[in-house]
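Residues or ranges marked as domain 'NADH:quinone oxidoreductase/Mrp antiporter transmembrane' by TrEMBL: B:135-444. The feature transmembrane segment is assigned by TrEMBL to B:12-29, B:41-61, B:81-106, B:118-135, B:141-160, B:172-192, B:261-278, B:290-311, B:349-371, B:392-409, B:429-450, B:471-491 (among others).
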Amino acid sequence: MVPPQYYLVLSAAIFCIGIFGLLTRRNALLFLMSVELMLNAANINLVAFSYYWGNVTGQTFGLFVLALAAAEVAVGIGIILTLYRNFDDVDVMNATTMRW
Amino acid sequence: MTPLQTAPEWTAAAPAIILAVTGLALLLIDTIDPDTSSNGLLAGLSTLGSLAAGGVAGWFLTQGTGMESSGGAITLYGDALVIDGMSLFFTLIFTSVAAMVSVASYDYLAGRRYQGEFYSLVMFAATGMTLMAMSNSLATVFVSLELASLPSYALVAFLKKNRGSIEAGLKYFLIGALSSAVFAFGISLVYAVTGTLLLPEIAANLSVSSDLVGVLGLGVLMIAGGFAFKTASVPFHFWAPEAYEGAPAPVSAFLSSASKAAGFAVAFRVFTVAFPLGPVTSLNGGGVDWSLLFAVLAVVTMTLGNFAAATQENVKRMLAYSSIGHAGYALIGLAAITTDGGAANGHVLGASMAHLLVYGFMNTGAFLFIAMVEKWGLGRTFADYNGIASKAPIAATAMTVFMFSLAGLPPFGGFLSKYFLFLSAIESGFWWLAAVGAVNSALSLFYYSRVVKAMWIEEPSEPLEIGSQPVGLYVAVIFAAVGTVLLLPGFRPVIETAQTVAAALF
């Protein structure tokens, strides 16, 4: 059996790739993909430790996370579509009508 | 046996069920007749639904449902939901805000499309908030948090052709998606260490020795980050000024009052039940002193919110920053909890809950007054508010009540709630938190009184034209003002209930 720490390293690496993408990409769609990576990093942990602890709580919650990620993307794509219609672009840095 | 004690257990979740059914009914009405469905019917139904849910929650609260007197907290669905005094108290906040927002939206939405969707989204978000307050498992916390968040994103971006609204929705969504990913990762780390998602079981498994205990601290920090987003606290507060400024004003009212209270409801429960201070701080190598963390965040949040609010020229944006400042005050409820606090812990947490209730009325009212000004087509800066009192004295009086109550001046509800909050912080030994809070309150008087001065004293640069007298907005604003004033004489039962139900958490 692979020691559980290895899964933690894997998921942490994927999570960090997600954070990196989120901080460096200006395209709203790539931003969504980065968030998706971070959520799936959480899923790796949930499934791996569900096996480690011998209960299915983690796997079940993993399914909920998947469903919610899909719902979030649905709302997000809608907002990005209206962003494109109003600003002719999906660059998150362009929408700056408000400044403090 | 009272009738409530013989009712089936699932009826304890009635407030959430009523809100969800109202949301579905609104969608149904809109689906049957999308072109001619009347704004009044939709607004009336969603107001009625919120009032019914709030009434049931209030009735349960007076009957002692889920409290010590009638057999303790009721848990449903394999302990995933818990109905106790605290969840009912917060349900009262959400439903009263939702009712005011529904009434006010009647005027705001007049002549706009997608009215049915608007009201049902408000109801679904309120359902999510009610479930957040009832969550007893990190799984339900996450799902209900998303149920509250997803409709909120859509509501902020509701004005599809308004660039400000879209920008606000985008920023709210992006930061929300980021923070929910961080939150989910935090939950997965806590699960990795404890092997359970139920809050009481997490607390029980904290002491189980594991090689991964360092991971737990990281998980707790990430979960705290998720709550900071929902409550608009530092360091996840960036979205708040943009989202509140760009969103339709009733939505800003809803988010800054109800959504913030929901974040606090779930943060209070998760941190006191799942991560009790003593065991969490004493873990070898993985301990997190979250009380200290929240103390730092409270000080930074209230100072940043108040100073940024003082520099604004736009009234809506000023209120947005003031709402960040108030998140800082409410954070004192978590910051002043100590390992050996005993009764003092319940006092400070209860005072924070009572402040959130008063804040629900005064802040919703202030944002709805802004909705009224937007309806009149006046501008958004302080100068545009000059002389409003001469044209609309009743609304201006209500706004004056909200401003002075937000600042914490004596004859209004906001004074007592802040007084009790700071007093109980001192009781817990956190006199410096109370001192920072008091200094910030004094500073806040500066920018709140600017609004009052503009409305009553300044002369408008050009003659004011106020067209219609929006009935729904007036009703909502006056209701909020009466609530704010009545909470001064009526504050004793509120604070006593809040402190009793908060003490039950420890």
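Glycine is treated like the rest: Cβ placed from N, Cα and C.
If one looks beyond the transmembrane segment (B:172-192) by at least 6 residues along the same chain, the residues whose Cβ comes under 8 Å of a Cβ in the stretch are 138-139, 141-142, 145-146, 149, 152-153, 156-157, 202, 212, 215-216, 218-223, 225-226, 228-230, 236, 238-239, 242-243, 247, 274. Sequence-distant contacts of the transmembrane segment (B:349-371) (same chain, six or more residues past either end, CB-CB distance under 8 Å): 86, 89-90, 92-93, 96-97, 100-101, 104, 107-108, 244, 248-250, 252-254, 256-258, 260-261, 264, 268, 272, 315-316, 319, 323, 326, 329-334, 337, 395, 398-399, 401-403, 405-406, 412-414, 416-418, 420-421, 423-425, 473, 476-477, 480-481, 483-484, 487, 491, 494-495, 498-503, 505. With a threshold of 8 Å between CB atoms, the same-chain residues lying at least 6 positions outside the transmembrane segment (B:261-278) that come near it are 86-87, 90, 93-94, 97, 128-129, 132-133, 135-136, 138, 141, 144-145, 148, 190, 199-200, 202-203, 206, 220, 223-224, 227, 229-232, 288-291, 330, 333-334, 337-339, 345, 349, 352-353, 356-357, 359-360, 502, 505-506.
The transmembrane segment (B:471-491) makes contact with the transmembrane segment (B:392-409): 3 or more of their CB pairs lie within 8 A, with pairs spaced 6 or more apart in sequence. Within the chain carrying the transmembrane segment (B:429-450), a Cβ under 8 angstroms from the stretch's Cβ atoms is held by residues 295, 298-299, 302-303, 306-307, 309-310, 312, 318, 322, 325, 328-329, 332, 335-336, 338, 382, 403-404, 406-409, 418, 421-423, all 6 or more beyond its ends. Note on the transmembrane segment (B:41-61): residues 4, 12, 14-16, 18-19, 21-23, 25-26, 29-30, 83, 85, 88-89, 91-92, 95-96, 98-99, 102-103, 105-106, 109, 115-116, 119-120, 122-123, 126, 130, 472, 497 of its chain, located 6 or more positions outside it, place their CB under 8 angstroms from a CB of the stretch.
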